[in-house]
Amino acid sequence: MLFIGFLVAWGPHIAPDKADYLKPCLTNWWHNALYINNFDIDLCYGVTWYLAADMQFYCIAPFFLLAIHYAKKVGFCAIIAGILYSICSTIFLIAFYDLPAISMIIDQSRNDEYFYAVHIKPWT
């Protein structure tokens, strides 16, 4: 159903700027099918990065749940380690790219850099 909107917008009367949005869909369609499109800069449809991150968390959640079920201390340690890894990776990426900690105070010229480096990654 996602691709129907792009097919409706395809034709001789399509605006030239709309054709640029369709190019990643034609070349990177398999990123969306495998739910790994949040690792690439060329997003086919902008909001699908969230679906990819959600599916990635859905795939790793059973490991944490099984760890909690069979060994509570190990499971909770794994969750704490995941939280600490997320915090540390966000701090590292913000420091590495010299970005502000809050995305609301970033200037517009670096907004895309913040979005692709920090915001859409599942580990941040």
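Along the chain as shown, residues are numbered 1 onward.
Cβ atoms here come from the backbone N, Cα and C positions, even for glycine.
All annotation found in TrEMBL is predicted automatically rather than curated by experts.
Feature annotations, courtesy of TrEMBL:
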- 30-97: domain 'Acyltransferase 3' (DOMAIN)
- 47-67: transmembrane segment (TRANSMEM)
- 74-97: transmembrane segment (TRANSMEM)
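Assigned with DSSP, the residues of the domain 'Acyltransferase 3' (30-97) fall into helix, strand and coil as follows: 55 helix, 0 strand, 13 coil.
If you look at the transmembrane segment (74-97), the same-chain residues 6 or more away from its ends with a CB under 8 A from one of its CBs are 63-68, 113-114, 117-118, 121, 123-124.
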